[in-house]
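Below is one structure; the comments refer to it alone.
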């Protein structure tokens, strides 16, 4: 797997090709994440329906991503599956143009999300392996997506304030089509080299069994899950809550983009610094700062304070994501990497976060902004669990 010096430069044509795919993906996410809930509300969806349409797709990661990833590990390729999944995503998204009821939207969302959520871990796997093979810096490849997210969310916020939501779906579909053609431009990957011993082991131990019988890996997923669960309320109801506090679309877009600017700084400049510390120490620190972030969002609608809290997204998501990538790249055999990446995507970013996103609508309807205190509780829980995870990791290393 990639060594540390590989996972943090941006040169060679492959860098622009991979960066182009990240750009297409985050062009779509930069439209959807800040404004999808607002669009759904404008077409008549209730808070409970909005939380279902946004949160339920995360559960599909648990079923679709590991299954797709195991096939890709077996085949030794991800580019062709990426093409197929993005084509399905773009075609299924067209259903939003045709239907208007909640249940029809639910069916379209399930089909779309099964493809799109299966696509994302394959992109991460391709990027990490490209960073290894071509001596690139993963953090800078990933930062391209974050930069596009910032530009898109800010620009689209201005657009919506002036022109409204009439062409909202067309922009989303255009971003998906752009991503498809960016994947077309990717080079065909070579199968990773596997030693004779690894081939023998692989024949007797499937990827999921190897990973899900590792106590350290399971507990690492638990800690990451708590951190990602804490983002559930802001992802679903953040924009709607701010709008109800009198904040306009331009400022909402800026608040989202501030968080991603901080994320970009972490991706580009903080990778080598983060690697100096044990993963659990970094995640425990992230837990404390996350509790502060959600506490601020619960207590105030002051734009300056919200802006300060949003910059902590660089840590609660960006730093946590880098820790996850470094852990997977250093602890997981290459032949299992795509499956491990899919489990990271499907459990912390899927099942755990999706559970909170499903409950975000009812939680917000009952408590409004005070619901962020529940998110702070998730982050503080990391402090208690991280100590146990460190002990498990220590015991595992001693037994080896």
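Positions of Cβ are set from backbone N, Cα and C atoms, glycine also.
Here is what TrEMBL records for this protein:
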- 26-370: domain 'Major facilitator superfamily associated' (DOMAIN)
- 20-38: transmembrane segment (TRANSMEM)
- 50-69: transmembrane segment (TRANSMEM)
- 81-99: transmembrane segment (TRANSMEM)
- 105-123: transmembrane segment (TRANSMEM)
- 143-162: transmembrane segment (TRANSMEM)
- 168-186: transmembrane segment (TRANSMEM)
- 217-242: transmembrane segment (TRANSMEM)
- 254-274: transmembrane segment (TRANSMEM)
- 281-301: transmembrane segment (TRANSMEM)
- 307-328: transmembrane segment (TRANSMEM)
- 349-365: transmembrane segment (TRANSMEM)
- 371-389: transmembrane segment (TRANSMEM)
Chain residues outside the transmembrane segment (307-328) and at least six past its termini with a C-beta under 8 angstroms from it: 1, 4, 7, 124, 128, 138-139, 142, 146, 220, 224, 227-228, 230-231, 254-256, 258-267, 270-271, 274-275, 279, 282-283, 285-286, 289-290, 292-293, 296-297, 337, 340-341, 344, 348, 379
Contact between the transmembrane segment (143-162) and the transmembrane segment (20-38) (3 or more Cβ pairs under 8 Å, separation 6+): yes
Chain residues in Cβ proximity to the transmembrane segment (81-99) (below 8 Å; excluding those fewer than six residues from its ends, i.e. six or more beyond): 68, 71-72, 105, 107-108, 111-112, 115-116, 118-119, 122-123, 126, 169, 172-173, 176-177, 179-180, 183-184, 186
Touch test for the transmembrane segment (105-123) and the transmembrane segment (20-38), at least 3 Cβ pairs under 8 Å: yes
Non-local residues, at least 6 beyond the ends, that sit with Cβ under 8 Å of the transmembrane segment (281-301): 223-224, 226-227, 230, 234, 238, 242, 245-247, 274, 308-310, 312-313, 315-316, 319-320, 323, 369-373, 375-383, 386
Annotated stretches the transmembrane segment (20-38) and the transmembrane segment (349-365) touching (3 or more Cβ pairs under 8 Å): no
Leading contact stretch, 168-186, 217-242, 349-365 vs the transmembrane segment (371-389) - CB distance under 8 Å: 217-242
Recorded stretch that, among 50-69, 168-186, 217-242, has the most CB pairs under 8 Å to the transmembrane segment (349-365): 50-69
Rounded mean pLDDT for the residues that make up the domain 'Major facilitator superfamily associated' (26-370): 86
